[in-house]
Amino acid sequence: MVNDARFRRRNAETLREAQNALNVAFGAILSAYIGNSLAEIDNRPFDHVRLAGFFVLIAVFILGLCVSNVMVMRREWALGGFFLAGGLTAAVFAHELGGAVGFEVVVLRILTVCWVVALLGSNMLLTLIVWLHHKRG
């Protein structure tokens, strides 16, 4: 049987790779949706400053989510919660700006919830796997 430290390290590495792929996938979906929406918005006047603010807030959301995820994986719960709260706050503001610019806010909400649940759910799954392994061994 593999010792606990090695087992935990291998699972954490696998989880990081999977979560990186998850981030790329959600980023691609978000980019495709925004590109498609901008093509429709392009047919009428829109506020470039609001659109730039929307993109900055989306970047802050993604940064907060990813940093929070790393903190949670290191079991630094307070910092993880702080960055998650910051990222979700940016997502709320991006949601408002996105609606003002002309994006379908329902799609933005669905993407945000799925992304957060997938990252945090995978962390919980890894924790459960390590706990079960430790309990058996």
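Glycine residues also receive a Cβ, built from the backbone N, Cα and C atoms like all the rest.
Note that the structure is predicted; figures quoted are calculated from it, not measured.
TrEMBL lists 21-39 (among others) with the feature transmembrane segment.
The feature transmembrane segment is assigned by TrEMBL to 51-70 (among others). If one looks beyond the transmembrane segment (51-70) by at least 6 residues along the same chain, the residues whose Cβ comes under 8 Å of a Cβ in the stretch are 19, 23, 27, 30, 79-88, 90-91, 93-94, 97-98, 101, 103, 112, 115-116, 119-120, 123.
Taken from TrEMBL, the feature transmembrane segment applies to 77-94 (among others). Sequence-distant neighbours of the transmembrane segment (77-94) (same chain, 6+ residues past either end, Cβ-Cβ under 8 Å): 54, 57-58, 60-65, 67-69, 71, 108, 112, 116.
Here TrEMBL flags 106-132 (among others) as transmembrane segment.
Residues 4, 7-8, 11-12, 15, 18-19, 22, 26, 29-30, 33, 61, 65, 69, 72-73, 84, 88, 91, 94-95, 98 of the same chain lie 6 or more positions beyond the ends of the transmembrane segment (106-132) yet place their CB under 8 Å from a CB of it. Using a Cβ-Cβ cut-off under 8 Å and counting only residues 6 or more beyond its ends in the same chain, the transmembrane segment (21-39) has close neighbours at 58, 62, 66, 102-104, 107, 111, 114-115, 118-119, 122.
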